[in-house]
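Listed in TrEMBL:
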SIGNAL    1-41  signal peptide
COMPBIAS  64-77  compositional bias 'Low complexity'
COMPBIAS  131-140  compositional bias 'Polar residues'
COMPBIAS  158-174  compositional bias 'Low complexity'
DOMAIN    183-515  domain 'Peptidase A1'
ACT_SITE  Asp201  active site
ACT_SITE  Asp396  active site
Amino acid sequence: MAAAAARCAGHGGGGGGGGFLLRRRLLATAAFLAAFGLCTAAADDAATGRGQGHDHVMLSVEDMFPDSSSSSPSCDAPPRDHRHDATSSTTRMTIVHRHGPCSPLAAAHGEPPSHGEILAADQSRAESIQHRVSTTTTGRVNPKRRRHRQQQPPSAPAPAASLSSSTASLPASPGRALGTGNYVVTVGLGTPASRYTVVFDTGSDTTWVQCQPCVVACYEQREKLFDPASSSTYANVSCAAPACSDLDVSGCSGGHCLYGVQYGDGSYSIGFFAMDTLTLSSYDAVKGFRFGCGERNDGLFGEAAGLLGLGRGKTSLPVQTYGKYGGVFAHCLPARSTGTGYLDFGAGSPPATTTTPMLTGNGPTFYYVGMTGIRVGGRLLPIAPSVFAAAGTIVDSGTVITRLPPAAYSSLRSAFAAAMAARGYRKAAAVSLLDTCYDFTGMSQVAIPTVSLLFQGGAALDVDASGIMYTVSASQVCLAFAGNEDGGDVGIVGNTQLKTFGVAYDIGKKVVGFSPGAC
C-alpha cells in the first residue's frame, strides 16, 4: 500500500515545514486513492511538480535526422564502456541499425526503404502479430481483424521436390511477423565458424539462415550462403527427434526434419531443421544449436543472412541456451542509426532500474507485460486500466511504432497535440499511420512534451527524446505512436520507444526490466 501511495503521490513537495505537511496530505490522499486503484491526474500533477525539465524536453531539429551528414558514425565505440571477454559472465554482441553506416549491410544494393515503405511494412508486422495473438490466445480471430485482413499475402510456395514429395503440402507458419527488421547482429555458424549478419527478433522463435543449395531460389544476401558441407559439426535433426516436434510447423524428408516459417509480409523460409555450433561474439560457442537451414527463401529480409529468434518458444535461442545463460538476455538500441547498441546474454549485465512482471500465461513466443497508464508532459492521462487489460501489451524489438488501444491513443494524441498547440507549433499532414505531425521548418530547437509508459509493479519507461517523434523531414515530424484498429488488438511497445534503454528479459524470474541511458 505504501509503495502504491508513493507512486500516486509522486516525488513532489516543497522544503520546510509547509512542504512537509503538504507532502503528508498528498500521501494520505494518494493512499486512499491507491486503495481503490485510482491515481488521478490531479493528484499526480500536484505531486510531481510539473515545470521546466519535467513536462518537456528540448530537441535540436538537426538531431532529429539521425543520418544527417554532420553525424559522425561511432561504430567502434563500446556501448557504455562495458567491454566483455571470456572472463565475463555476460556475452555481449554489438547491435547496429540495418540501414545505418555501421551495418555490414549498409549500401549493399540500392537505397534504403522509404519512410512510406518502412511504415507500411511495420503495419503488416503489427497486424500479423495481432492476428497470431488472437488465434493463439482465444482460438479464434477477432471478427474485425478477419475483415481487415481479407487480402492477406499469398501462402509460401510448397517446398521443392528435392525436399521430397511428401512435403508438398507443408505450410509455412501463419501469423508470424518480420516487417522491416531494423536491427542486426553478427553471429558465427559452423566449424570453422563463418560470420553472418542476421536480424534479431524478440517476436520470433526459430533461428534460420539461408543455406546451400537453394533448391528453387534464395533472396539476395550480402554474405555468402551457409554451406553445411563445409562445417564438421553440422547435422540434420531427425524426424523422430523430440526437437522436431518443438516446431510450430514441421515436415519430413528422408527421415530428416523440415521446418517452415512465414511472416506477415509474405516472406518465408523453408528447409531442414539442423544442429551446428553457433558462436555469439568471437569466443562464446553454443554447441548443438538447433536452427533452420533454409533452402527455399524469399521476402523482404534486406540482404541479411537470416534471423535470430529471441522469443519464449522452445526453438528460441534463450530457451535452447537456458542451461548456459539462465534464460536472461538484454538489448539496447542506439538513439541514432550512426551509433551502436548491444545484445547481452547471461546475468552479468547491470541490473534493470525498474522491472515489471512477464505475463507468461497470456500466450506463447511474445513478451507480455501489464501496461497501466501513460503520462504526457508529466500528467497522468485519464485512461481506465481496463483499456490496457482488454487485450494486453507486448514488448517487441521488431515493431517500429508503438501501438496503443484506440482509447489510450486518442487520449495520448489529444494531450500531446494540446501541449504542442500551446507552444504555437504548426500542424503538418499525416504520414501513413502517423496522424499527429508538425512543421519545424526554419527552427533550430523545439520543446516536445515528455511521454512515459507505465507498467505493473511501478515500472516506468520514460521515453527518450529520440523515441518520441518520427522524422520524415523538417516539415513533417510526427508523434511516433499509433492507435490499433480495435480495442481487442494487443498493444505493442515498439523499438522507437525502446531506444537507449537497456531492456532486460529474464524468462526464469518472469520479469522484464528497463534501464535508461544504457547505450
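Glycine is treated like the rest: Cβ placed from N, Cα and C.
Keep in mind that TrEMBL annotations are predicted by a computer and have not been checked by a curator.
Source: prediction; values computed, not measured.
Averaged across the domain 'Peptidase A1' (183-515), pLDDT in this predicted model comes to 94. Non-local neighbourhood of Asp396 (active site): Ile129, Thr202, Gly203, Phe366, Tyr367, Ile492, Val493, Gly494, Asn495, each in the same chain, at least six residues away, with C-beta under 8 Å from its C-beta.
Counting every protein chain shown, 27 other Cβ atoms lie within 10 Å of the Cβ of Asp201 (active site).
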